[in-house]
Amino acid sequence: MFSRDLTLARYDAELFAAMEQEAQRQEEHIELIASENYTSPAVMEAQGSVLTNKYAEGYPHKRYYGGCEYVDIVEQLAIDRAKQLFGADYANVQPHAGSQANAAVYLALLSAGDTILGMSLAHGGHLTHGASVSSSGKLYNAVQYGIDANGLIDYDEVERLAVEHKPKMIVAGFSAYSQVLDFARFRAIADKVGAYLFVDMAHVAGLVAAGVYPNPVPFADVVTTTTHKTLRGPRGGLILARANEEIEKKLNSAVFPSAQGGPLEHVIAAKAVCFKEALQPEFKTYQQQVLKNAQSMAQVFLDRGFDVVSGGTQNHLFLLSLIKQDITGKDADAALGRAFITVNKNSVPNDPRSPFVTSGLRIGTPAVTTRGFKEAECRELAGWICDILENMGDESVVDGVREKVKAICAKFPVYGN
């Protein structure tokens, strides 16, 4: 029998110490990685619940194990809330991650060797959209589209590639693109060549849920997302679709048993909490602020003479090109890290440097907005980043910014009492 008195701190002090150090880092550092956010205590409580003990292969009311009557309730809550949140007719909440959700979509609708048309990783796409190092680029014939000299998707070029290569699936989505996707145009192109339209909205799902970014569900055959990032839930995946019995059956079979075994019901419970939070009015206010904060930061960089890819942002992130300053993304990332500002180095269009070095930074505002930052704080923060980038090698500037970061983090804690 287990005793609830035997806490992790008592049982495994070494592990607990590392976790406490991470908690301290999150409180004392400013998080600007666009794909990161902070979950609520309720989300973490669900994910750390007794549901982790239960195997539940199959789907609600169609399980291969007994004793699933209560996890059926949990999973159905998550399904119903996801459908309500995004206006979908179908939702599969079982994918363990966004990449696995994407893999399931490919398994469901494609055969090995089929052609897919997706956004180039070098231009802001994602590994799973046909990059050569990903299974999506190895199992399928991946054709890539990119952005033009203005940093925008050239839809005429997308259409030309679609007509030329006749893809079975067109993938719309990104990991580093700061503008709004034209889902209606993607739909028209897909229809012209008889392709499925698959939208990966992992980065903007929270904005979509709040009505701050267009909803792809009415246009796409299938939509996937992660449940963290802007959605502010646990790490996991989600598949959505409009009513289509044939596609729904294929998607369910692709997730289980093709791609996964038993679902993680404790994570699904946390997803259900996240979806409930996203249905509240305050979530819309939060997402509106995420966008305002990103735009405020981007403008500071422009005013200070830095290059922002595509000239600004219409979502939660933007790419800062440091080619003109002859600063590598790797060095900028490290310098900011010493100032307790966490970003990620990122390739920029036509980057002359390798993906391990890069010439840019990707900056996002979901996490700082969760802390309570508004435009004033974000403008100040962007100014501190500029100070460091304009004085690379001057550790006194880094030291000064670090003290300012610690002070503002104390003023805006992630988890209050």
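Backbone N, Cα and C define each Cβ position, glycine as well.
Database features, via Swiss-Prot:
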BINDING   Leu121, Gly125, His126, Leu127, Ser354, Pro355, Phe356  (6S)-5,6,7,8-tetrahydrofolate binding site
MOD_RES   Lys229  N6-(pyridoxal phosphate)lysine
SITE      His228  site 'Plays an important role in substrate specificity'
Those residues of the chain, 6+ apart, with a Cβ under 8 Å from that of Pro355 ((6S)-5,6,7,8-tetrahydrofolate binding site): Ser347
Cβ neighbour count within 10 Å of His228 (site 'Plays an important role in substrate specificity'): 26
Leu127 ((6S)-5,6,7,8-tetrahydrofolate binding site) - helix vs strand vs coil (DSSP): helix
Which same-chain residues, if any, lie at least 6 apart from Phe356 ((6S)-5,6,7,8-tetrahydrofolate binding site) yet have Cβ under 8 Å of it: Lys330
Around the Cβ of His126 ((6S)-5,6,7,8-tetrahydrofolate binding site), the count of other Cβ atoms that are within 10 Å: 23
Which listed residue (Leu121, Leu127) has most other Cβ within 10 Å, given these are binding-site residues: Leu121
Cβ neighbours within the same chain of Gly125 ((6S)-5,6,7,8-tetrahydrofolate binding site) - under 8 Å, at least six residues apart: Gly118, Met119, Ala131, Gln144, Val171, Gly173, Phe174, Ser175, Tyr177
Site extent for (6S)-5,6,7,8-tetrahydrofolate, whole Å (max Cα pair distance, Leu121, Gly125, His126, Leu127, Ser354, Pro355, Phe356): 17
Cβ neighbours within the same chain of Lys229 (N6-(pyridoxal phosphate)lysine) - under 8 Å, at least six residues apart: Ala34, Ser35, Glu36, Asn37, Ala202, His203, Ala205, Gly206, Pro366
Ser354 ((6S)-5,6,7,8-tetrahydrofolate binding site): tally of other CB atoms within 10 A of its CB: 11
